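*Asks:* Sharing a structure below in structure tokens format, with a few things to ask.
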Amino acid sequence: MNIEHIGQPFLKKFPGDFSNNPLQRNTPKVLFATVKPAEFYKPHLIAFNEALSEEIGLGKFEEKDLNFLVGSQLPNNMQTYATAYAGHQFGNWAGQLGDGRAILAGEITNANGKKTEVQWKGAGATPYSRRADGRAVLRSSVREYLISEAMYHLGVPTTRALSLAFTGEDVIRDIMYNGNPQYEKGAVIIRTAESFLRFGHFELMFAQGEHKLLQDLLDFTIENYFPEIVSSGHQKYKDFFENVCTRTADLMVEWFRVGFVHGVMNTDNMSILGLTIDYGPYSMMDEYNLNFTPNTTDLPGRRYAFGKQGQIAHWNLWKLANALQPIINDENFLENTLKDFGIYFWEAHDKMLCKKFGFDGLKKEDAEFFTNWQGLMQELQLDHTLFFNQLEKITPDTDLNEHFSPVAYTVFNEEKINKLEDFIEQYRSRLHSNSISKQESLKLMETTNPKFILRNYLLYECIEEISSGKTEMLVKLTQALEHPYQELFPEFSKKRPSSYNNTAGCSTLSCSS
Ligand code: AMP
Ligand code: MG
């Protein structure tokens with residue numbers, strides 16, 4: 001791999017702390033602290049993403065690169081670092097946080113000039129680890145490695161994953177937070193993104209009153225990642241905020257399209273580029289449920305439930321607006337832009353639903369149809385993904401009970417069958433008013449509705465297998481997730497088996513990772 005071509009331009013641009021001291025502390029007035037990854041003596045490679053490595057300019061993997069993949073061997077001049085950010089967690093200001101177990105190797109440029117940041121996750125403590133160890137366990141690393149690529153191939157903006165390796169070191173975790181800590185295998189992933197900057201980076205500069213640094217960071221972000229912004233002066237920052245709002249709204253719509261629940265939408269987990277970032281207790285949704293949250297920490301309030309993700313994004317943007325106000329200096333503008341977010345989001349959301357149903361475009365009466373659909377999905381406990389796959393296949397002769405009951409998580413009684421029949425009748429009559437052909441409509445559905453999603457129970461089985469030394473399922477899942485709009489493996493396109501309905505680490509997930 002071309003690891004010696006990774007550079008650290010961020011370090012030259014901004015003030016940092018170069019003491020290389022991973023002890024817990026605050027670092028005011030700086031955007032990063034240099035820190036070396038830990039040394040792991042017996043790393044073992046589990047997966048490597050060759051296509052991504054080539055694409056970003058890192059080239060082919062050779063045996064000698066293994067130690068780099070866990071951060072234990074660095075090219076001579078590589079100065080690795082962790083960035084400082086802050087955040088609102090579960091609705092409360094959490095103060096300074098930072099990359100607690102992410103360490104940046106720097107940035108690589110490919111032959112087309114495209115720049116990509118490269119970072120380890122789980123490679124050891126940083127100045128921002130607080131009391132934690134900076135390590136990551138196998139289960140959370142497998143989950144992040146696979147979902148990053150699954151989201152990418154679904155077409156959802158996301159950070160990506162380059163490699164997954166055991167560190168050879170055990171890590172202690174209390175998974176259920178019930179006083180039963182256990183040793184688990186430690187792992188490191190390398191993840192990549194155009195930039196890992198978060199809302200929280202801007203919030204930290206604001207909270208510390210570092211307005212000059214805040215403006216510098218904004219200038220840097222706009223110049224490097226928002227080429228579409230060509231204005232100057234105050235207008236530039238206004239365009240930036242509008243742009244972040246649009247990207248964030250678009251991302252939420254994509255999450256609704258594929259049925260993704262992030263689970264921890266704190267502002268430190270919100271990418272300024274509108275990428276899905278920091279995969280923890282996330283879940284793809286099986287049965288459609290607006291109230292579904294996979295995160296056990298979120299269960300009391302369900303703040304981060306599936307159906308609330310648009311509202312929460314809006315709340316998070318409001319916190320970002322607050323942080324940018326000293327530079328933008330126009331409260332009316334910020335308030336109006338935040339109001340527009342709601343309008344833009346719902347319109348984009350409904351247009352997305354039109355595609356899932358194969359409609360030509362958004363009609364006024366569709367809003368009521370969509371509300372009826374949500375009611376039907378929740379009452380009949382229909383599988384979000386499989387419902388649309390089945391909808392694509394209905395003909396005038398289809399027995400609807402036989403066709404849809406296998407993709408529901410409850411048994412249909414007469415009342416439910418009547419509801420289903422009523423709904424499909426509404427659907428057929430809406431299709432009649434379509435101005436596009438049947439084929440075009442079907443094509444729209446097939447390219448919008450995935451046939452394969454990375455369900456939690458599949459991940460659970462894959463992690464069990466890897467823990468016992470086997471990687472067949474990992475390889476198969478990797479193939480399946482590269483072609484989510486096809487059905488490569490019919491056994492992966494089934495609803496969740498009932499045996500997994502109440503399995504910890506499958507139906508519910510803790511933040512322990
Ligand atoms: P998360 O909710 O997973 O995004 O993490 C919130 C904060 O805790 C971030 O600043 C993380 O870097 C930090 N963090 C989480 N787990 C660890 C760990 N094992 N070691 C150090 N820092 C951690
Ligand atoms: Mg995080």
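Cβ coordinates are placed from backbone N, Cα and C, and glycine is handled just like the others.
What TrEMBL says about a protein is an automatic prediction, not a curated fact.
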*Asks:* From the candidates Lys121, Lys185, give the one listed by TrEMBL for the same ATP site as Gly98, Gly100, Arg101, Asp133, Gly134, Arg191, Arg198, Asp278.
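*Replies:* ATP site check in TrEMBL: besides Gly98, Gly100, Arg101, Asp133, Gly134, Arg191, Arg198, Asp278, the record includes Lys121 out of Lys121, Lys185.
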*Asks:* Among the binding-site residues Gly98, Arg101, Asn269, name every one whose Cβ is found under 6 angstroms from ligand 2, counting any of its atoms.
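*Replies:* Listed by sequence, the hits are Asn269.
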*Asks:* Secondary structure at Asp268 (active site, proton acceptor) (DSSP, helix/strand/coil)?
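*Replies:* Looking at the DSSP assignment, Asp268 (active site, proton acceptor) belongs to a helix.
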*Asks:* Rounded to a whole angstrom, what is the C-alpha distance between Asp278 (ATP binding site) and Asn269 (Mg(2+) binding site)?
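*Replies:* That comes out at 6 Å between the alpha carbons.
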*Asks:* For Asp268 (active site, proton acceptor), what residues in its own chain, 6 or more apart in sequence, show a Cβ-Cβ distance under 8 Å?
*Replies:* Tyr85, Ala86, Gly87, His88, Gln89, Ala94, Leu97, Arg198, Phe199, Gly200, Asp278
*Asks:* Can you figure out which of Gly98, Arg101, Asp133 (the binding-site residues) comes closest in space to Asn269 (Mg(2+) binding site), comparing Cα atoms?
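*Replies:* Closest by Cα: Gly98.
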